[in-house]
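Q: Shown below is the structure under consideration.
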Protein chains: 2
Amino acid sequence: MNRTRAWEILKAHGYKKTDKRELILSMFEETDKYLTARDLLEVLKKDYPGMSYDTIYRNLATFVELGILEETEFNGERNFRMHCEIDHHHHHFICMECGNVKEVSLCPIEKLEAMLPGYTIESHKFEIYGKCPQCNG
Amino acid sequence: MNRTRAWEILKAHGYKKTDKRELILSMFEETDKYLTARDLLEVLKKDYPGMSYDTIYRNLATFVELGILEETEFNGERNFRMHCEIDHHHHHFICMECGNVKEVSLCPIEKLEAMLPGYTIESHKFEIYGKCPQCNG
DNA sequence: TTCTAATTCATAATCATTACGATTTACATT
DNA sequence: AATGTAAATCGTAATGATTATGAATTAGAA
Ligand SMILES: [Mn+2]
Ligand SMILES: [Mn+2]
Ligand SMILES: [Zn+2]
Ligand SMILES: [Zn+2]
């Protein structure tokens, strides 16, 4: 996902183009790491000192709802990142040192479905945490 | 894990026997569901109206540290449950309707390790959410 | 029974997140 | 280009989970 595509989606749903949204999207575009609301505010405050958490959270919710961002939760905080381009189902290795993210295609959810008759699987979370090669030194 | 074993561990680490701990442990012993700090306080307030969140959280942290409880996070809250008896590595299907938990032995973490040379895997989370057979009707 | 460290209580602080009325702004329409 | 209006943002306060702290209580050893 990139900013251009994001704006197509936003427009298609009747959302207006604003500088704040543009800035938020550009922050996500230039990193593959997960960001928190706090991360965003910290940076946006430089350009917009009056920037409100309400604006951040409301837009994050919109972006997730429209599939522009993906969301997860670790270290007791909500984390967001640009939704992956990759079309096939996959998961992420997340470096707890630098935040870098690596795609992981292994997922046993289909096998699992067969092993749980009577159960309805609505969602699943498979996340791997550790240190990436750079941080391992 | 049961209360008796839990007390062995607590004693072995020099922790004292208190009524609050006994009650907390008994709550976990009699269900296989995940409980939040709020769930616990709600019940403990009946016997101990002055019961403090501090006591709950401090003991939960102790129990997790000693391997008596296991902890996870979903729906934006920390959730706790008695640590499983089962010795082999496994994960959980969690019913989002009734909270029931089912063991799931499928896990691709070892295969994954081989697929991520240079990476150090420190931990991983694999959780499946949905509806159990009873709640599906 | 006495002593002491562990535990709990009572309360406030902190942190992430949400809520809301007032104000401003994007953009469609004239 | 000016106008009207719904959308978006601001400013600020509320909420809810969690953590912190100092005083009071208590379990268990001596
Ligand atoms: Mn990805
Ligand atoms: Mn289990
Ligand atoms: Zn998967
Ligand atoms: Zn596993």
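Here the Cβ of each residue, glycine as well, is placed from N, Cα and C on the backbone.
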Q: Can you tell which of B:His89, B:His90, B:His92 TrEMBL lists as binding Fe cation with B:Glu110, B:His124?
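A: It is B:His89, as the record lists it for that site.
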Q: Please report the three-state DSSP label of B:Cys98 (Zn(2+) binding site).
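A: The three-state answer is coil.
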Q: May I ask for the distance between B:Cys98 (Zn(2+) binding site) and B:His89 (Fe cation binding site), taken between their Cα atoms and rounded to an integer number of Å?
A: 24
Q: List the same-chain residues at least 6 positions away in sequence whose Cβ sits under 8 Å from the Cβ of B:Cys95 (Zn(2+) binding site), in sequence order, or say none.
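A: Counting only residues 6 or more apart in sequence, the Cβ neighbours of B:Cys95 (Zn(2+) binding site) under 8 Å are B:Val101, B:Lys102, B:Gly130, B:Lys131, B:Cys132, B:Cys135.
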